Amino acid sequence: MSLIIQSLPHWSRIPPRPPQLSQFQNSSRPKPLIQAGQVQHNALQIARRSANYHPSIWDPQYIESLKSPYGDECFGTRLEKLKFEAKRLLEATIEPLSWLELVDSIQRLGVAYHFEDEIKEGLDGVYGVGAHAGDDLYTAALQFRLLRQHGYGVTPDIFNKFLEKERTFKACTSLDAKGLLSLYEASHTMIHGEEVLEDAKEFSVKHLNYLMGNLQNNLREQVQHALEMPLHWRMPRLEAKHYIDVNGRSDERNMVLLELARLDFNFVQSKHQEELKEVSRWWRDLGLAKKLGFSRDRLVENYLWAVGIAPEPKFSNCRKGLTKLISILTVIDDIYDVYGSLDELELFTEAVKRWDIEALETLPEYMKICYLALFNFVHEVSYDTLKDYGWNILPFIREEWERLCMSYLVEAEWFGNGNKPALDEYLRNGWISVGGPVAMVHAYFLQGRPIRKDSINFLDHGSELIYWSSVATRLNDDLGTSKAEMKRGDVPKAVECYMIQTGESYEDAREHIQGLVRDCWKKMNEECLKCCLPKSYVETVLNMVRTAQCIYQHGDGIGTSTGVTQDRVISLICEPVPSQWP
């Protein structure tokens, strides 16, 4: 075990959740929803903190004006024809390397969900061949990465042919830029204990940087893009937009795939625009942003989160549900982090534990509308799941919200008492307070698949995949927000906890936390090879981390959502890709 991983919490099990859902199957309907307007308000004056969050940068009229022509039937007909042609191309490509490159392009272009069966059948055949991946580094690394990403138990022994007796990479590979880039991308699918892949990452980074100045423009851009963030860590929808642009400028572009990717991107974007309009109306009608002006009004940015986590068209309900969840969660987070007194926060936490509408009368005025919004949302999700699948998930997701609010209260008590927790103690609480577990449990039920008992049991007893992805999300969040929160005097987050604990500088502390993120990815990669959850859901969990790395890559992309976050919203949701290239 590395020194880095020892800084993470040491338990291997997640704290227990409520009884298995089978005990609640086909039970009575949730309580009817209550209208927020029924609540009577009583003002309570208390000195309040403020984070001075800027208001929403998105004009509701602009959101309502979004209208893409790509949802029209004529484009749907063309899309189906292109899918058929691409499927024929997959079937007709016999040469192994050409087929692997085709699959890699299909994935990067964001259209692999159309060809899941064909890709699986082909990879089954590749895996059956064993370690015979060809004699060049590029092919071997590409094959290894694709198999790992799809959950095949391939080992790094495939790289032995490129090693000297001393287990170092042969000198001749140091000049193969294309092979080094492929090796670099493959190394990020590593799990703990795979030293050859650790060496591969260091070796490829060193020599790619050395070769950079002598590379042709197209390859140099690819290397720079990869070294900024590896493919395995990138938000898929954002990578698809980038890769469509790169292919549009390439002399080697495949016109069938390129047109398919362009049209599919714009078609899916048209669906995303309609969803954004729907949840924007819901948010305005809910009234939380207007009533609770101290909180972050980030509906559009929250929808970007949802697009990053579950981008495919079939997950429309999941995206809308996650946007609602994140929006309500953000307000509650700001109540605990900034606005509420400790006495008020204890009342709110107790009300969530009771989960009784009568608890409303124990709350101060401003908390009532927030409690009702949460109450109604959870009952809506529970009712829809019971109606469609016969499972009463209310006790299950209630428990997740209770754990979340309890973790918020712990952080509020740390702040109120001036406590500065050690990094281990902070992360034991922080993996919950980041909202990962509550979001991923909701996502499972919102994705519209028949609910499997074995998956329920897996979630119920604690998912290591959800745990490590939540730790990684927390660490990425803290890397992006630490400067602003330290300046504001908030409770110490991961970077500051490590600085206080060790006396290290801010830069060294950030480097350590980045190392923890890398270790989390190794654990997630390992869990992906052995967990029993549906593959599409596993990707959803990984996408939470990928989206967090996108949102917090250049700072607090939610607290301050101008700049990079605004540009990414426009790029992914508002502006279609060009219909033709020079």
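Our numbering is plain: 1 for the first residue shown, then up by one each step along the chain.
Each residue, glycine too, has its Cβ placed from N, Cα and C.
On a predicted model such as this, the values are computed, not experimentally measured, just so you know.
Residues or ranges marked as (2E)-geranyl diphosphate binding site by Swiss-Prot on the basis of similarity to another entry: Arg296, Asp333, Asp337, Arg474, Asp477. The number of other CB atoms found within 10 A of the CB of Asp477 ((2E)-geranyl diphosphate binding site), across every protein chain shown, is 25.
Its Cβ taken as reference, Asp337 ((2E)-geranyl diphosphate binding site) is surrounded by 21 other Cβ atoms within 10 Å in the chains shown. As annotated by Swiss-Prot, Mg(2+) 2 binding site applies to Asp333, Asp337, with the evidence given as similarity to another entry.
When secondary structure is read from DSSP and collapsed to three states, Asp337 ((2E)-geranyl diphosphate binding site) falls in the helix class. The feature Mg(2+) 1 binding site is assigned by Swiss-Prot to Asp333, Asp337, with similarity to another entry given as support.
In the three-state DSSP assignment, the secondary structure recorded for Asp477 ((2E)-geranyl diphosphate binding site) is helix. Positions annotated as Mg(2+) 3 binding site by Swiss-Prot, on the basis of similarity to another entry: Asp477, Thr481, Glu485.
Residues or ranges marked as motif 'DDXXD motif' by Swiss-Prot on the basis of a curator's inference: 333-337.
Sequence annotations record features per position, and here Swiss-Prot assigns transit peptide to 1-35.
Taking each of the binding-site residues Arg296, Thr481, Glu485 in turn and counting other Cβ atoms within 10 Å of its Cβ gives the largest count for Arg296. In the structure shown, the C-beta of Arg474 has more C-beta neighbours within 10 angstroms than that of any other entry among the binding-site residues Asp333, Arg474. Separating the Cα atoms of Asp333 ((2E)-geranyl diphosphate binding site) and Glu485 (Mg(2+) 3 binding site) is a whole-number distance of 14 Å.
Glu485 (Mg(2+) 3 binding site) falls within a helix when secondary structure is assigned with DSSP.
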